Amino acid sequence: MKSTFGLLALAAAAKMAHAHATVQAIWINGVDQGAGNSASGYIRSPPNNSPLVDVTSADMTCNVNGKNPVAKTLPVKAGDKITFEWHHTDRSPSDDIIASSHRGPIMVYMAPTAKGAAGNGWVKIAEEGYSNGKWAVDNLIANRGKHSIVVPDVPAGDYLFRPEIIALHEGNRLGGAQFYMECVQVKVTSNGANALPAGVSIPGAYKATDPGVHFDIYNSFSSYPMPGPAVWNGASAAGSAPAPTAAPTQKPVVTAAPTTLATLVKPTTTTAAAPAETDSCDGDDDDYETETPAPQASATQAPAPQRPAPQTPSGSVKEWYQCGGINYTGAKNCESGLVCKEWNPYYHQCIKA
């Protein structure tokens, strides 16, 4: 009997350790900026990958240690495509990103650095929830941990991007939803005219009783109420896409995943029905057994020119690569069986028809 209990405990611990995720790198216009999840990087990273479950916690702003600046700030311009890269442990091809049971929405907020770090001025600039039987997290896993936004046409200055996952596998009980977030340090070098609105406070934007936080993914439903404020209508006013800049002085770290991917890509087959088994060990924050991400090499700061999308001998664009968008000058005809899907005005992508 003791042996049986021991095996069950080990299985639960292993399952629990494979549940969680952090943002470990970003890409700018398809160029890998290298690992940023360290004190010498550009992401204000927590000490481990544990989620937050108390929506009133001060750590909801930028996660644990999120008030502490890190060494680097990445230069970006209006119209740049920013891709966030999430992982469970590290950036290796074998990493499982986040447990597939952790279905839920993904959102991105933006705030001026000083104001945002104090928990104020957060403006939602992107969100993805539930559509056609798939959750944003399903698409994130299929896309090897990547989802993208476009930099709005805001005034020049220092800003924080705050990508966030809400895992709802225990959202059927009050206080069970799990929140994962980090803050990425950027400096907008273009000088746009669309100043951010007043925004919301985080903590403060969510309540444990919000329909999109206290939500049962295992019962029948046809839609999902996104939590928090609406997406800012100025988020789509991103100005002109940037011209290529000089290559980085250091060779960027390149992963096996494609370099130009948006959030809604390469879907996996999922349903709203309950899975055969769910995590039984995800509860209060202090109870998690987690793994601290392995140290990564320091990041580069200057983006390089975007590589053209791979093409067939006929000149058509392969699946998952860019086929259009504002200021895009490459091939626009997708391979047979694919269509050019517009995700936003700056990024169109070849996907299966």
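Positions of Cβ are set from backbone N, Cα and C atoms, glycine also.
Not measured: the values here are computed from a predicted model.
Per Swiss-Prot, the feature Cu(2+) binding site maps to H20, H102, Y180. For Y180 (Cu(2+) binding site), the Cβ neighbour count at a 10 Å cut-off comes to 25, with all displayed protein chains included.
DSSP classifies H169 (O2 binding site) as coil under the three-state reduction. Marked as O2 binding site by Swiss-Prot: H169.
Per Swiss-Prot, the feature compositional bias 'Low complexity' maps to 266-276 (among others).
Annotated region 'Disordered' per Swiss-Prot: 266-316, in sequence order.
Feature annotation from Swiss-Prot assigns compositional bias 'Acidic residues' to 279-290.
The compositional bias 'Low complexity' annotation in Swiss-Prot covers 291-304 (among others).
Annotation comment: Swiss-Prot describes 315-351 as domain 'CBM1'.
Annotation comment: Swiss-Prot describes N327 as N-linked glycosylation site.
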Q | Candidate recorded positions H20, H102, Y180, N327, pick with smallest Cα gap to H169 (O2 binding site) | A | H102
(Q) Quick check for the class: what is the C-alpha distance, in angstrom and rounded, between H102 (Cu(2+) binding site) and N327 (N-linked glycosylation site)? (A) 37
(Q) Please report the distance from the Cα of N327 (N-linked glycosylation site) to the Cα of Y180 (Cu(2+) binding site), rounded to the nearest angstrom. (A) 34
**Q.** Which of H102, H169, all binding-site residues, has a Cβ with the fewest other Cβ atoms inside 10 Å
**A.** H169
Q: For N327 (N-linked glycosylation site), list the number of other Cβ atoms lying within 10 Å of its Cβ atom.
A: 11
